[in-house]
Each structure stands twice: as C-alpha cells, then as structure tokens.
Amino acid sequence: MSVKHFIQITKPGIIFGNVLSVAGGFFLASKGHVDFALFLAVVIGTSLVVASGCVFNNCIDRDIDHKMERTKNRVMVQGGMSLPLALIYATLLGVAGFSLLYVQANPLSAFCALIGFIVYVGFYSLWLKRKSVHGTLVGSLSGAMPPVIGYCAVSNSFDLAAVTLLVMFSLWQMPHSFAIAIFRFKDYSAANIPVLPVARGILAAKKQIVLYVLAFVLATLMLTLGGYAGLGYLAVAAAMGLYWLYMAWGGYKAEDDSKWARKVFGFSILTVTALSVMMGVDSQTAADVLMTYAR
C-alpha cells in the first residue's frame, strides 16, 4: 500500500471532470463578482465528496471489477488496500467534504452534495447498477449535481438556473454513459451489468443517444432564454450541441459501432467542457439579456 493507492482509489479523472462543472456553475452564479476563497472551498469540498463516493463505489464493486478489462487493475481488486481501511478513508473524505461545504459555503450546497452522494452510492452503486436497465438514468442525477452545488454555493437559492443545470447535466450523462457501454460492451456483458446496450441491444442504445442529445441541446439553450447566460454561451452551446447530434445520428450508418461510440464519448467531454467554460465567462443577469434582445 502506498500514497499512490490512496490517490488512485478516488478516481482522479472523475474528480477533475466534476471540478470543471462545479466551476461552471459557480461562475455562472457569480456573474463576474468572484469570491475566490469561497470558490476554493467549494471546489475542495465537492472534490472530497466525489472522492468519497468513488472510494465507496470501489468497495461495492470489488466483486465485479475483476471481470472487466478496464477495472481489473483497480486498487481493491489488486489487494492494494483492505476493505476496512477503504471504508474508513471514504468516510473521512465524505465528512471533510460535507463539513467544508456546510461551513464555508451554505447548507443548501451541502444538501445538494448529500443528495448526489446518496443517489450515487446508495441507489446506483448498491442497487440499480446491477438490477435495472434504468440504473444509468437514476445515476445521472448524481453526475449532474456538481454544477448545481457550485451554483447554489453562490446564489444560496435553488432557482430556475439550478433546475436548468440539473436537467442539462442529467441529460448529458445519458448519451455519454451509453456510448461508454457500447465500446465497453464486452466488459459490461462479462460482469452481467444490465446497461442499455447489453440489456436491449446496441440499436436501442443508438436511438436513445440521439433522443437524449436532442433533449440536451434544447436544455442548454434555456440558460440564455432564461436570462442567466449570454449570446456567446448560446452560440457555443448550439454549435457544440448540434454537431454532437450530427455525430449521434451517424451511428445509424456506422460500420464500426465501437469506433463510433468512442467518438461520441470523446465529443461529449469536449461539449460539457466548452459549456462549463462558457457559462462561467458569459453569465448575465436577466436584465442584461433582455436589453440585448431589445436592441
């Protein structure tokens, strides 16, 4: 056991991705008036909560991770950390993260983090991931919480913008996850995990990807139409979203489903990154947007 194991078991890649969306939500609510001390507290607090959830997930999935090529070398599978130590580590990370959000931000942001944590660890990892094809849908709510946490940490209000962020990022999670399930089809099949491509076929997953990307594109526009983001954000959201939709539609003609799914997955990351950046740098008040339309 080494320091590397303590880092690896938290899934740093997932933490980094969540930090980007937390920042997007935070800067969207800040509207150019950034409290960097608060920002640091929110980023660290959310990262600790996400890390805690990932460690608990490693503990829960240790019996199936050895069956999957992409997870067979995880710390718990290789015996790099004992189960009791991992559980203690996960608990300490969670307590530290929730406490930081509650004390340095506000109870609302800590509550949002708690909801995301319960959904991911309790409903998804412990139950639905292995039992239902709808596990991905339920799990998407946890993946959508980080930008909401960032937004609520500043606004201290669960308003229309927070709802829009929750819907946007939940919808984004679905095609992103289905694409992974397609190019990792053999892994999920070997572990008997009923993701959509395994349970109902790749064609069914392709149809769902197109529908969810379309819904995502429409949802992204609501930040500007609702008066929370500017026209620069709108232009980027529309361009990225429509191209992602074009890629998704191309799945019906794809000769290599795995190759196509990897492209859809890769562009999904570019899309959510671009939107997180733009909603942070091009946030506006409703009055600003209305004045723009009036000119």
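Backbone N, Cα and C define each Cβ position, glycine as well.
Topology check against Swiss-Prot: Asp35 and Ala248 carry distinct topological domain names and occupy opposite sides of the membrane. In Swiss-Prot, the feature transmembrane segment is placed on 79-97, out of the ranges 79-97, 174-192. Taking Swiss-Prot as the reference, the stretch among 136-154, 269-287 described by the feature transmembrane segment is residues 269-287.
Outside the topological domain 'Cytoplasmic' (248-268) by six or more residues, the chain places 172, 175-176, 179-180, 182-183, 185, 202, 206, 209-210, 213 with a CB less than 8 A from a CB of the stretch. Here the transmembrane segment (198-216) lies next to the transmembrane segment (229-247) in space: the count of CB pairs under 8 Å, restricted to residues six or more apart, reaches at least 3. The transmembrane segment (108-126) shares more Cβ pairs under 8 Å with 38-56 than with any other stretch in the list 10-28, 38-56, 79-97.
Long-range contacts of the topological domain 'Periplasmic' (29-37) within the same chain, counting only residues at least 6 positions beyond its ends with a Cβ under 8 Å from a Cβ of the stretch, are 150-155, 161, 283-285.
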